[in-house]
Amino acid sequence: MLKIGKVESYIHEKLKEEKLHFVLLDPEDVSPRLASKLAKISEEVGVDAIMVGGSTGAEGEVLDGVVKAIKENSSLPVILFPGSHGGLSKYADAVFFMSLLNSRNPFFIAGAQALGAFRVKHYGIEPIPMAYLVVEPGETAGWVSDANLIPRHKPKIAAAYALAGQYMGMRLVYLEAGSGAPEHIPNEMIKVVKSAIDVPLIVGGGIRTYEDAKEVVQSGADIIVTGTAIEKAGSLEESKKRLESIINGVKEVSP
């Protein structure tokens, strides 16, 4: 049986007290220097973990450089969010070992995972099994992964996939609208999915403001993820301001 590791235990323990906010940094969009600064700011304002990865699949020295820069400037867990089997770094703490359940391409359901499995084991990275579902509009993530996008007005389809993922042993479910999406996952879909599953629910894509974050958490998200809104804020000061606002929206709803 796959044991629950240090990072996953950290997530579950924190969820007993509050809802969580993760920042996603894409090595193709941020340099190691910028990543280190964003990581430091993230920890200062109360972010709970930093995810590293992207749909177009940064890997090798580019990925390692960003992960190491984050680790050197923050004590937050670094969780890989790979676009494919190449998105692995031995310097990370954990990896969301995810299956994109609504992809038309079996490579993204189990192929990439098979190609990366022994590297995860060899590197000693903690794997966290996760069901990944891409909802309209999907943005780059949907296009690259050939996702059969879940319609925004069909929450039961999302719930069916989410529950299937749970029954297949996934310990997290992630609803993805796509980085830079004009809107976040519909509140009704979040509610329906959350009511169907017993594992933590992550929601990402299109979350830019205090109001967005509060709505998403009130609807049932346990963890929200923001990336584009932080990476492309224009300045470190604006990134910090946006992070503080979003975190306030998350923590205000926490039990």
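The backbone N, Cα and C atoms fix where each Cβ goes, and this holds for glycine too.
Sequence-distant neighbours of Asp26 (Mg(2+) binding site): residues of the same chain at least 6 apart with a C-beta under 8 Å from its C-beta are Val52, Gly53, Gly54, Ala58, Ser179, Gly227, Glu231. What Swiss-Prot lists as Mg(2+) binding site is Asp26, Ser55, and the listing cites sequence analysis.
Per Swiss-Prot, the feature sn-glycerol 1-phosphate binding site maps to Tyr174, Leu175, Glu176, Ala177, Gly178, Ser179, Gly180, Gly205, Gly206, Gly227, Thr228; the stated evidence is sequence analysis. Other Cβ atoms within 10 Å of the Cβ of Thr228 (sn-glycerol 1-phosphate binding site), summed over all protein chains shown, number 19. Secondary structure at Thr228 (sn-glycerol 1-phosphate binding site), taken from DSSP and collapsed to helix, strand or coil, is helix.
When Cβ neighbours within 10 Å are tallied across all protein chains shown, the highest count among the binding-site residues Gly180, Gly206 belongs to Gly206.
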